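Peer 1: What TrEMBL records for 42-62, 82-105, 117-137, 143-160, 172-193, 205-227, 281-301, 307-327, 334-357, 369-389, 401-423 is transmembrane segment. The domain 'Major facilitator superfamily (MFS) profile' annotation in TrEMBL covers 46-469.
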Amino acid sequence: MTKAPPSESSLEKNVELKMVERVDHPKDEHLERSERLAVRKLDLTVLPILTIFYLLSFLDRANIGNARVAGLQKELGLTDNQYEICVTVLFVPYIVAELPSNLLLKRIGPRVVMPTLLTIWGIMVTLQGLVTSFAGLVVVRTLLGLVEGPMFPGIALYLSTFYTRKELGLRIALFFSAASLSGAFSGLLAAAIGKMHGVGGRPGWAWIFILEGLFTVLIGILGFFVLPSTPRDSKFLTDEQKELIMERLERDRPYMKPVDVFSFKEVFRSSLHLTPTKTQLLSVGPFAAGFFVSLIAAFWSDHYQSRGIPAALLSLLAIAGFLCIFVQKTSIPYMALCNLMIPGIYAPVPVITAWMANNSEPHYRRATSVAFGFIATNSGGILSTWRYPTKEGPRFRNTTIMNLTFTIIVVVFSLGNMAYLSWRNKAKSLPGRREEILRKYEEEQDGDEDGLKAWMDLGDQHPDFKYTL
């Protein structure tokens, strides 16, 4: 792409020139076809790796519920309170690790950080199958939370350095939908592994941890060889495709410096009085529904470049499910209602994650906002662990009211945030506002012909940055 020579006039004209050059790129069929091919290569190489990473993260984090059904609590002699402590201790280090790891991801490099985390947590998962006491399980799960916490916000941040803003929602949904898929898959897997009870002198619940943990270690080691830190590091792209990817990212982000959950399966287990195998299999339908709804919603969100509307509409599914459970006098429709609730809970997450990443610039501001988003999300994991006491089952009316309230808040905040961002976009477009914001940088230009200093300092507050609604 040929760049226009720097203007000798004001910084404003330089920035406008840069924006025109990058946004109004000449239409070239060969170039567009080459870009599409390069993006498809990313879709077929980077995305599957990250999807497997996150599927294992969700699977390894949630398998304690499957192990409980297979006899973990009884064989270790855990009280209900001790079991809930074992679930909760994972979330504290999980939350603490999210922000520091996101800030360090770029400095150390995703190619090192992500496979290292995956390998270590695979070891921790395996060790869960070897514990013999409450104290041992608490220690291992604490360490597991410390290395699992960085993965989801790290992947979301990582993808934002490979894809443009309008492509990000679907890509986040593709890997996040692995969570819904693993919710279905984990039940099938646990039911099969549970039949290994007694093999090697170990109970079935121990084999759930051991086999899933060893597989995670294997994938973590492979990750060192296949995961690139940046598009330029990809072994699957040609040199020309690497440059095309970087150029389109720079066009999308003129300020980019080249250098620089709670599982509802627990409700089923405590209220429907089914065998462990049937209980594991009951989770398949709702989570499979969540998988497909997540992908459809993300595609719609990317196509129309709308985040708030799909987030609010999807949350209405969960509201409908919670309302029905609250007013029903029988547990018979629980499974049908979960086909509403699970998609309504899972599908908004990739949309909202893309929303945070779209509207936060530059890199470290984006890293911080994405991390804080997941800190808030996983704080809910601590609360939800203690909000389903057996004595309140099978109705869990108080908890249903709490879930309903939070879901309504999601709808209100989504619509409110849309209104706020729309107001911010209009404020940036007011006559004279652009000149007022950039005056300081015009006076201190000092050879910064491209206006990159203004972009790096202001980020999403730059007058030419338009917030995604």
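All positions are counted from 1 along the displayed chain.
Cβ from N, Cα, C; glycine included.
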Peer 1: Grab the same-chain neighbours of the transmembrane segment (307-327) for me: Cβ-Cβ under 8 Å, and only residues 6 or more beyond its ends, written as numbers and ranges.
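Peer 2: Answer is 169, 293, 297, 300-301, 333-334, 337-338, 340-341, 343-345, 347-348, 351-352, 354-355, 358, 397, 400-401, 403-404, 407-408, 410-411, 414-415, 417-418, 468-469.
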Peer 1: What stretch in 42-62, 117-137, 143-160, 205-227, 401-423 has the biggest tally of Cβ pairs under 8 Å against the transmembrane segment (82-105)?
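Peer 2: Highest pair count goes to 143-160.
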Peer 1: Does the transmembrane segment (117-137) come near the transmembrane segment (401-423), with 3+ Cβ pairs under 8 Å (pairs 6 or more apart)?
Peer 2: no
Peer 1: Need one number: mean pLDDT over the domain 'Major facilitator superfamily (MFS) profile' (46-469).
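Peer 2: Per the prediction, mean pLDDT sits at 82 for the domain 'Major facilitator superfamily (MFS) profile' (46-469).
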Peer 1: In the same chain, which residue numbers or ranges, 6 or more beyond the ends of the transmembrane segment (205-227), come under 8 angstroms Cβ to Cβ?
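Peer 2: Same-chain residues near the transmembrane segment (205-227) but 6 or more away: 45-46, 49, 52-53, 56, 59-60, 63, 66-68, 70-72, 75, 110-112, 114-130, 189-190, 193-194, 196-197, 199, 235.
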